[in-house]
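Notes to accompany the following structure.
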Amino acid sequence: MTNQDLINIATEFGTPVYVYDAESIKEQYGKLKNSFSDNTRFFYACKALTNINILKYVNQLGADLDCVSINEVKLGLKAGFEPERILFTPNCVDLAEIEEAMAHKVHINIDNISILEQFGNKYGNSYPIFIRVNPHIYAGGNHKISTGHIDSKFGISIHQMRHIERVMKSTNILVEGLHMHTGSEIKDADVFLQGLEIMFELSEHFPDLKYIDMGSGFKVPYQKDDMETDVQTLGKKVEKVFTSFLKESGKDLQLWFEPGKYLVSKSGHFLVKANVIKQTTATVFVGVNSGFNHLIRPMFYDSYHIIENLSNPNGPERIYTVVGNICETDTFAWDRKINEVRETDIIVFRNAGAYGYEMSSNFNSRLKPAEVFYIDGKAHLIRKRDEFEDLLKNQIEVL
Ligand SMILES: *Cc1c(COP(=O)(O)O)cnc(C)c1O
């Protein structure tokens, strides 16, 4: 997909608009698939981007699905994933939500001892489950996206193994999978190997184990000289230790991963329009027709997105601070070199496929953007822009 394609899309569908390039998702999936053996499965962590068309496309590519809410499970089923290819990994949900997922026959991952006990007392070994452990590996690009640390709410601490075993013994639960997800944007691939060693040790406690799920942490480059997780090298290292463990232990296990942003981040281009160029004594602001109501990652995670001016690609570079139109400080980027921006120019945020639209809101009573899917040389509108009526849709007027 070229910049001209993006400009055409902005002209046809208006801004702000999220654009997803199918080819990029395919390429990312291919890189993973080719780096590991056929005994490895990839469950797309769909909270990154759940438009039904993306789910269907990922399904076509052959990936499986990781869901964190019952509604993601339902979306996945609707997109055509068979229950056996869906893993439900919720956090702090009640037993009722887990039971709803059981009714859909998907794999279920339990991440606290309270629910494990409730589940075991009621269902015993009649429905196999996964257990999410917290290995206490500190990894991830930002505290908010690190899930393995000691204060994290995710998973059951590996130091509570005795407790897990007591529950297993007293309720007879059948554990078919062990899961960990230590964080997002792990720079050092050896963290996965460290995690695997822990899983191997833990596996001794689970005689019915079939699956080891290492979660995600695959990093994508956001800045120009940023790195992407080298999945080829990782694949080689992982396959080596995994196959030798299977040989030594005599176990027959499948290895799972749950890439989210690795699959969809790069595919996403968020297009906005420069509304206002505002020069103050110290700064030149570009005020765009969007804000953290549409793309919150820079404000929430201090994330960096490359920003380019599609309308004036050869203009002289100037230093800008790019802000939104929300009545709150919503700075997308400080002191960025961008080709001269004029009012009405189309501006693009790169790498906006993951946790972009998905985290958007109607703050300031602004409308959520449209979404466009670019596949086989054609742009398809896959979500209409909100309309004013949508703001009132669920409100009940009592006065
Ligand atoms: C969010 C999440 C992922 C995906 O993380 P990325 O950084 O987007 O790859 C995988 N597994 C679980 C359980 C998650 O919650």
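Residue 1 is the first one shown; counting continues down the chain.
Backbone N, Cα and C define each Cβ position, glycine as well.
Noted in TrEMBL for the protein shown:
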- Cys327: active site, proton donor (ACT_SITE)
- Gly217, Tyr355: pyridoxal 5'-phosphate binding site (BINDING)
- Arg297, Tyr301, Glu328, Tyr355: substrate binding site (BINDING)
- 18-353: domain 'Orn/DAP/Arg decarboxylase 2 C-terminal' (DOMAIN)
- 23-265: domain 'Orn/DAP/Arg decarboxylase 2 N-terminal' (DOMAIN)
- Lys47: N6-(pyridoxal phosphate)lysine (MOD_RES)
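Taking a C-beta cut-off of under 8 Å and a sequence gap of six or more, Tyr355 (pyridoxal 5'-phosphate binding site) has these contacts in its own chain: Lys47, Ala48, Leu49, Lys261, Arg297.
In the three-state DSSP classification, Tyr355 (pyridoxal 5'-phosphate binding site) falls within coil. Neighbour density at the Cβ, taken as the number of other Cβ atoms within 10 Å, is lowest among the recorded positions Lys47, Gly217, Cys327 for Cys327. For the substrate site, whose annotated binding residues are Arg297, Tyr301, Glu328, Tyr355, the maximal Cα to Cα separation is 20 Å. Between Gly217 (pyridoxal 5'-phosphate binding site) and Glu328 (substrate binding site), the C-alpha separation comes to 31 Å. For Arg297 (substrate binding site), other Cβ atoms within 10 Å of its Cβ number 22.
Take the binding-site residues Tyr301, Glu328: by the count of other Cβ atoms within 10 Å of each Cβ, the lowest one is Glu328. The average pLDDT the prediction assigns to the domain 'Orn/DAP/Arg decarboxylase 2 N-terminal' (23-265) is 93.
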